[in-house]
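Here's the structure we're looking at; comments come further down.
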Amino acid sequence: MKFEDLLLEIGGFGRFQILILFILCLPRINLPMHFLLHNFLAATPSHHCAIPHQEAFVNLTVEEVLLISIPREPDGTFRSCEMFSQPQFHLLLNSSLQPENNSIIQHCQHGWVYDHSQFTSTISTQWDLVCEQRGLNQATATFFFIGVTLGAVVFGYLSDRFGRKAMLLLSLVCSVIFGMLSAASVSYSMLAIMRTLTGVALSGVSLIVLPLGMEWVDIQHRTFSGILTSIFWSIGNMLLAMVAYLVREWHWLLVAVTGPCLLSIVCLWWVPESARWLIANGKVKQAHRHLLRCARMNGRKEFAVSPEEDVPLTTYAQRIVLQWQHKKPGGSYSYISLFRTPVLRKISLCSGAVWFGVAFSYYGMSMNLTGFGLNMYLSQFVFGVIEIPAKMIMYVVMNRAGRRQSQAWALILTGLCIGANVIIPKPFTSLRSVVAIMGKGFSEAAFTAVFLYTSELYPTVLRQNGMGYTSFVARLGGALAPLVFLLDEVWRSLPEVTYCGVAACCGSVAFLLPETLNAHLPEGIEDVE
């Protein structure tokens, strides 16, 4: 007796599953609001060196004071990180005669003046993370993703050991605590530590939401549940643009994107633990209680009373579950278990390569794809909108062509689009933009597919360990992606060629994975082998 057979009897996709999926989609909205928050949290507005003793220039306009105090770039804009050691009054007569003697130019000595027309404050303006300190500003995102990488390992193991719901609740509570402490940071060091811990906590949400929902859904609706939770990521993208537009002060922006986690914590009360996990770990009575609740909500009242008179108080659903009691409860599993048996070892190696390629190309394109000539808020909103059609199309394709073909070709086509822009001449800007946006769509489709596909490949007793391992590999890909831009010093097109090659190669590896379309979710390692 498979768990899917039990689901068919008590309702594999009824009101019970719809309620669970929509509740689990709430924390999913929060993820991009933190994962992409760096664009607004650490935004650096235009700035220039602070000019001392401005009272001595009362007869000069602001533009003239800047002219005699700040050197200019070749394009005529004022430099952000340098100033004249002495006022250059002769520039008032001929501003085009920039001094050739660099000895009179020095780094900013008295701080900076920022343009506050777009942002009231960011962490850049709070702690002057510009010029020589610009690396610390970018490191804020690195610290967050280091936390996400560590969290993938921690929560992947803990949720297989102690249950999905308990670890999801812990993850959400920690996200609220560390998110609010980030907003209350009084120093850069405190902010860096709190953002790292926030990344650890939110990694648990990212890992657990999809498998927990999918373990309650029948085979026919697994793809739908995966795409639905993925669409709420895109909705979070759009909401981030609107929240950041309305809240221009970084402390309150952190509060605004962290607050919704409280709603998710309250709503999680109505989400049961995964019955698959409970049964696999020998907790049959708890699983029976949740299954009865599922049957009642889905209108399967025939399970409330047994049809057989000799078992008056035992429901049909419970008798199905009792068959599992003869099965040995799940033992102790760890990440090493992913590589002990031959088939599972092959799945782990290949899925790790696919995840690396997906994240590497996705973040490579996201950091390299220029906007549409729009302001940053509108660009963020449009990028969220673009993702939704890609996910809708992937829903149809994955159900028709299967998981393996969809995953492989989405990643390969991402690589081909990146490679095509290496060949297309720079003057063809419209064509290059169209190809880049197509690549972004394929990249998002590949990311959508890999979450669902991986959840179906691993057995219940190791599913979260598998998700933790693949998420860890993906974060490595995401961390390496921006460093590849440094290769343009060797050859201008080498970064794009690298993204193209990695995406195409990792996409080809997906052909080595087994197909899971309309297949039962494996419960134990023996089911995979």
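Here the Cβ of each residue, glycine as well, is placed from N, Cα and C on the backbone.
For 87-529, the entry in TrEMBL reads domain 'Major facilitator superfamily (MFS) profile'.
TrEMBL lists 139-159 (among others) with the feature transmembrane segment.
Beyond the ends of the transmembrane segment (166-186), by six or more residues, the same chain brings 27, 30, 34, 151, 155, 158-159, 194-195, 197-198, 200-205, 208-209, 212, 251-252, 254-255, 257-258, 261-262, 264-265, 268, 273 to within a C-beta distance below 8 angstroms of the stretch. Taken from TrEMBL, the feature transmembrane segment covers 166-186 (among others).
The feature transmembrane segment is assigned by TrEMBL to 192-212 (among others).
Annotated transmembrane segment per TrEMBL: 224-246 (among others), in sequence order.
Sequence annotations record features per position, and here TrEMBL assigns transmembrane segment to 252-271 (among others).
Under the heading transmembrane segment, TrEMBL lists 347-365 (among others). Within its own chain, the transmembrane segment (347-365) has Cβ neighbours under 8 Å at 338-339, 407, 411, 414-415, 418, 436, 439-440, 443-444, 446-447, 450, 453-454, 457-458, 466, 469-471, 473-478, 480-482, 484, 495, 499, 502-503, 505-507, 509-510, 512-514, 528, counting only residues six or more beyond its boundaries.
Sequence annotations record features per position, and here TrEMBL assigns transmembrane segment to 377-397 (among others).
Positions annotated as transmembrane segment by TrEMBL: 409-428 (among others).
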Range from 139-159, 224-246, 252-271, 377-397, 409-428 with most C-beta pairs under 8 A to the transmembrane segment (192-212): 139-159
Return the stretch with the most CB pairs under 8 A relative to the transmembrane segment (377-397), choosing among 139-159, 224-246, 252-271, 409-428. 224-246
Take the domain 'Major facilitator superfamily (MFS) profile' (87-529) and average the pLDDT across it for me. 81
